[in-house]
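**Student:** The anthranilate 1 binding site annotation in Swiss-Prot covers 94, 125 and rests on sequence analysis. Here Swiss-Prot flags 94, 97-98, 102, 104-107, 122-130, 134 as 5-phospho-alpha-D-ribose 1-diphosphate binding site, drawing on sequence analysis. Swiss-Prot lists 106, 240 with the feature Mg(2+) 1 binding site, giving sequence analysis as the kind of evidence. Residues or ranges marked as anthranilate 2 binding site in Swiss-Prot: 180. Per Swiss-Prot, Mg(2+) 2 binding site is recorded for 239, 240.
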């Protein structure tokens, strides 16, 4: 199948979701050669991946992931577009690869949202383009990444947050590692991670490194069963809602996908230059995360509050972003968010 798929994609013909599933099954089962994998993902990148193609690939990755089973939780605020009888799990995993050298914003957000009573299954990996990915900063903060799926499940169930280390849960990806590394360009695999949470997160805030991916990945998440969420991109290139200027936001609701542009001023937040949002290596970013969770003021706190505000809307904990920002600020200042970090560090290290 992959040889036929390569020939079609080279001719700029789109594959159906079913055809993409067949190709990715071949890739992830070891049935395709490294040359075939490299040729296929390069041709796909040049053509441009469609919603159906990304959806099909994500379904295969989800099916082959080691599952993380999480018990049911109940939302704190009744929103008409969210079914309270269903499980609510949030992921704040983004694509990375923004090249803006920002600190770990979505990881910081995860602790705040979990302290608000939302179960968070934070999916992540080591650095893509920066010097510090979510796994790197969590390790520097003292979180033990080398734990069993059962420990991750217990962590989410008992304290409301767990880290899903992608390499440990997506073993079938090993067949694509070599070709991806050797061709050295962004491909469909750079956007699949946030779409394939092994805990089946049904609420997401997903940051992307290209504006044209915003609506596309929102449509993919909708097809994959996401009940509520946002796909976001900053005009400065950040895979977050930025403080430097305008951001593109796609909201996912029961009614579909709605695209909008937002600025910090809409929420009473002062803009900041990108330099004030820069991070560093894992140890430096760990200091930044601790500072924010300890209540330190400044641009880094503001961008975390803004993104946390959206996450709290996605999960139904806030009626709007302004309320979400207020709740996030209160949660930090009460010490509850820092407590979540301390509990995650303790639980993952007890498991050794």
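Glycine is no exception: its Cβ is also placed from the backbone N, Cα and C atoms.
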**Student:** How many other Cβ atoms are found within 10 Å of the Cβ atom of residue 94 (anthranilate 1 binding site), counting all protein chains shown?
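**Tutor:** Residue 94 (anthranilate 1 binding site) is surrounded by 30 other Cβ atoms within 10 Å.
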**Student:** Around the Cβ of residue 180 (anthranilate 2 binding site), how many other Cβ atoms lie within 10 Å? Please give the count over every shown protein chain.
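**Tutor:** I get 19 for this one.
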**Student:** Would you mind listing, in sequence order, the residues at least six apart from residue 126 (5-phospho-alpha-D-ribose 1-diphosphate binding site) in the same chain with a Cβ closer than 8 Å to its Cβ?
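**Tutor:** Expected: 133, 135, 136.
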**Student:** Which of the three DSSP-derived classes (helix, strand, coil) applies to residue 102 (5-phospho-alpha-D-ribose 1-diphosphate binding site)?
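**Tutor:** SS state of residue 102 (5-phospho-alpha-D-ribose 1-diphosphate binding site) = strand.
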**Student:** When DSSP is mapped onto helix/strand/coil, what comes out for residue 123 (5-phospho-alpha-D-ribose 1-diphosphate binding site)?
**Tutor:** strand
**Student:** Among the binding-site residues listed here (125, 180, 240), which has the Cα closest to the Cα of residue 102 (5-phospho-alpha-D-ribose 1-diphosphate binding site)?
**Tutor:** 240
**Student:** If you run the three-state DSSP split on residue 94 (anthranilate 1 binding site), which class comes out?
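**Tutor:** Coil, per DSSP.
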**Student:** Give the distance between the Cα atoms of residue 94 (anthranilate 1 binding site) and residue 239 (Mg(2+) 2 binding site), rounded to the nearest whole Å.
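**Tutor:** For residue 94 (anthranilate 1 binding site) versus residue 239 (Mg(2+) 2 binding site), the Cα atoms are 7 Å apart.
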**Student:** Residue 102 (5-phospho-alpha-D-ribose 1-diphosphate binding site) has how many other Cβ neighbours within 10 Å of its own Cβ?
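**Tutor:** A count of 25.
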**Student:** For each of 106, 125, count the other CB atoms within 10 A of its CB; which of these binding-site residues has the top count?
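**Tutor:** Checking each of 106, 125, the winner is 106.
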**Student:** Same-chain residues six or more away whose CB lies under 8 A from the CB of residue 123 (5-phospho-alpha-D-ribose 1-diphosphate binding site)?
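**Tutor:** Non-local contacts for residue 123 (5-phospho-alpha-D-ribose 1-diphosphate binding site): 91, 93, 164, 166, 193, 194, 196, 197, 198, 199, 201.
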